[in-house]
Amino acid sequence: MTQNNSFPFLPRFIATSFGAGYWPYGPGTAGAVVGLILWLPLVLTGHFAGTVLITLGLIAVFTALGVWSAGIAEQYWGPDPSRVVMDETVGQWLAMIPLSVYAVRPDALTDGWFWMWTIASLILFRFFDIVKPLGVRKMEELPGGWGIMADDILAGVYSCVILSICMYFTH
């Protein structure tokens, strides 16, 4: 582990989800909320295909950036530092994929269900991220930045599946 003050700005900024990882009261939840806040403007544009494609693009790009920056963060802050929350941001985006599909409805943003599902995606994702069932914890054993990112990616996938099932049977 090296000195914290020499940690380069760009990987630190990315790893902490633009500083959210410094939030003292639940940095993981702060990272997930950043994902939600960054995603909402995409839905508000009302372009279904764009929302889905951009969400998938964000997941791909920020997974790669997260693996890179988390690997560097471990060199400065030790194994799986709590300030690294880009994994939560990406996991939250995965959890919200069903909402990208739901948002195609003309009344999606005004019917109340959209906002309930948005909150449900956050709760589901944080549940799977904290409890780490069904192989989620095993992902932490992967080397470097992959170990930091992979558990939240799997938690996001589980949240996506559960949310999709719930949305299907209620609509």
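From the backbone N, Cα and C atoms, a Cβ is placed for every residue, glycine too.
Sequence annotations record features per position, and here TrEMBL assigns domain 'YutG/PgpA' to 13-165. Here TrEMBL flags 20-40, 52-73, 112-131, 152-170 as transmembrane segment.
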For the transmembrane segment (152-170), find every same-chain residue at least 6 residues outside the stretch whose CB is under 8 Å from a CB in it, and list them.
63, 87-88, 90-99, 102, 113, 117, 120-121, 124-125, 127-129, 132, 134-136, 139
Average the pLDDT scores across the domain 'YutG/PgpA' (13-165) and report the rounded value.
94
